[in-house]
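TrEMBL has this to say about the protein:
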BINDING   Gly21, Gly23, Lys24, Thr25, Thr26, Arg117  ATP binding site
COMPBIAS  17-26  compositional bias 'Low complexity'
REGION    1-26  region 'Disordered'
REGION    41-64  region 'NMPbind'
REGION    116-126  region 'LID'
Amino acid sequence: MAQGDGDKRKKPNILITGTPGTGKTTTASALSEATQLRHINIGDLVKEKNLHDGWDDQFDCYIINEDLVCDELEDIMEEGGNIVDYHGCDFFPERWFDRVVVLQTDNSALYDRLSKRGYSETKISNNMECEIFQVLLEEANESYPEGIVVALRSDSIDDITNNIATLTHWLTTWQAAP
């Protein structure tokens, strides 16, 4: 059921976004377990279904084909019940999401996480700048209606646990709303 036809989906769609290393996949996986919503990791989907335009040597990642990704997800997203996990958010249709979560992490913790992943200094620097300037929060606020975007701290396991509790509570109130 599309939201635009006057009916509400039976289950919401949640986007979890943020700079690489902020805990998106960890949070999305834990939230999926807690709520039984489907976790869709866009990075994995792009690789599995070849939804890209090749490899970017400078940033050491696939060049995502946003149109192919949206085409692939359209029917699934209209059904509802999805947690989408990706480090970008401005190309997804606004109608898809009922909650957009931007995870934010302290710079020293983020640096350590990216270093442990083996990221190059250039890639670490680029991602650190994105976090410092809150690029993803700004992108989310510009792309989605006021009131559905929420920024959550993601510095520690305790933060992730608290975020899961907050989002599970939100899900309960969303489902109870008319």
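Here, residue 1 is simply the first one shown, and the rest follow in order.
From the backbone N, Cα and C atoms, a Cβ is placed for every residue, glycine too.
Automated prediction, rather than curation, is the source of TrEMBL annotations.
Just so it is clear, the model here is predicted, and its values are computed rather than measured.
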Sequence-distant neighbours of Thr25 (ATP binding site) in its chain (C-beta under 8 A, six or more apart): Asn41, Asp85
DSSP helix/strand/coil residue counts for the compositional bias 'Low complexity' (17-26): 3 helix, 1 strand, 6 coil
Spatial neighbours, same chain, of Gly23 (ATP binding site) - Cβ under 8 Å, 6+ residues apart: Leu103, Thr105, Ser154, Asp159, Ile160
Binding-site residues: Lys24, Arg117 - member with fewest neighbouring CB atoms within 10 Å: Arg117
Candidate with sparsest Cβ neighbourhood (10 Å radius) among Gly21, Thr26, the listed binding-site residues: Thr26
Per-state residue totals over the region 'NMPbind' (41-64) - DSSP helix, strand, coil: 8 helix, 10 strand, 6 coil
